[in-house]
Amino acid sequence: MFIIELIKGIILGVVEGLTEFAPVSSTGHMILVDDMWLKSSEFLGSQSAFTFKIVIQLGSVFAAAWVFRERFLEILHIGKHKHVEGQNDQQRRSKPRRLNLLHVLVGMVPAGILGLLFDDFIEEHLFSVPTVMIGLFVGAIYMIIADKYSVKVKNPQTVDQINYFQAFVIGISQAVAMWPGFSRSGSTISTGVLMKLNHKAASDFTFIMAVPIMLAASGLSLLKHYQDIQIADIPFYILGFLAAFTVGLIAIKTFLHLINKIKLIPFAIYRIVLVIFIAILYFGFGIGKGI
């Protein structure tokens, strides 16, 4: 039985690593894979299972931090500066890197404030299968709209051409994504595209902006709930964290390599299919009714 539980921990870590930064909603996938199928709360207990999800989310966040480590060092004025994306040699000599710490802070403010105000309400009232399905579907439609608009934009901007207004608007959309299932990256990448960034630039800024917020939020949650971790469950937590970190590294790098080519519509279609599948399980078979 212990081996089976460890395998379940690895599976959940893999799912977290694949979905946390992809525009498909990690919350929706956790409901499907854990709450409807693996049910970690049955062998860990509800509080310990909640803490486990915090730990594997940290695995994904550390993966994103590693992928963007050079960017973060540059933003903090540590380390060597690379060429600015979207600028020629003359512009590079006359202009500093456009993306800086203030851009990130401006983008973080809306979600940070609303998170402090409404986090408990959202956790208590909005984490249910029907609300997550709504978030998945509405988010998919928003992504399709963004992709259709992006076709009309000539010479979309790179991440180093972003301005403070764009950063703030993208930050507001990150706050909207507090609705479970909407997807932080789906919302912010779509908004970035609507603000005339290219898909890769919108994705870069999304991940850079998300890392400090998620580190702070997950870190605070872990401080509140670390006492729920049982010594016997530590191998479960370690394997889940390592799985989320490793798979997260691969998923983030692959996503950033492909996003300018494939755009958002394939992810939107996948989300709609996922909604249909969850709806069949929930309304047709009653699976997840107690969530």
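Every residue gets a Cβ built from N, Cα and C, even glycine.
Record features, source Swiss-Prot:
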- 1-21: transmembrane segment (TRANSMEM)
- 48-68: transmembrane segment (TRANSMEM)
- 102-122: transmembrane segment (TRANSMEM)
- 126-146: transmembrane segment (TRANSMEM)
- 162-182: transmembrane segment (TRANSMEM)
- 203-223: transmembrane segment (TRANSMEM)
- 231-251: transmembrane segment (TRANSMEM)
- 267-287: transmembrane segment (TRANSMEM)
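Same-chain neighbours of the transmembrane segment (102-122): 75, 162, 164, 167-168, 170-172, 174-175, 177-180, 205, 208-209, 212-213, 217, counting only residues six or more beyond its ends whose CB sits under 8 Å from a CB of the stretch. Contact between the transmembrane segment (203-223) and the transmembrane segment (267-287) does not hold: fewer than three of their C-beta pairs are under 8 Å, each pair 6 or more apart in sequence. Against the transmembrane segment (1-21), the recorded stretches 48-68, 126-146, 267-287 differ in Cβ pairs under 8 Å, and the greatest number is found for 48-68.
With a threshold of 8 Å between CB atoms, the same-chain residues lying at least 6 positions outside the transmembrane segment (48-68) that come near it are 9, 12-13, 16-17, 20-21, 26, 30, 34, 40-41, 204, 207-208, 210-211, 214-215, 218-219, 221-222, 225-226, 228-230, 233, 236-237, 240-246, 248-249, 251-253, 256.
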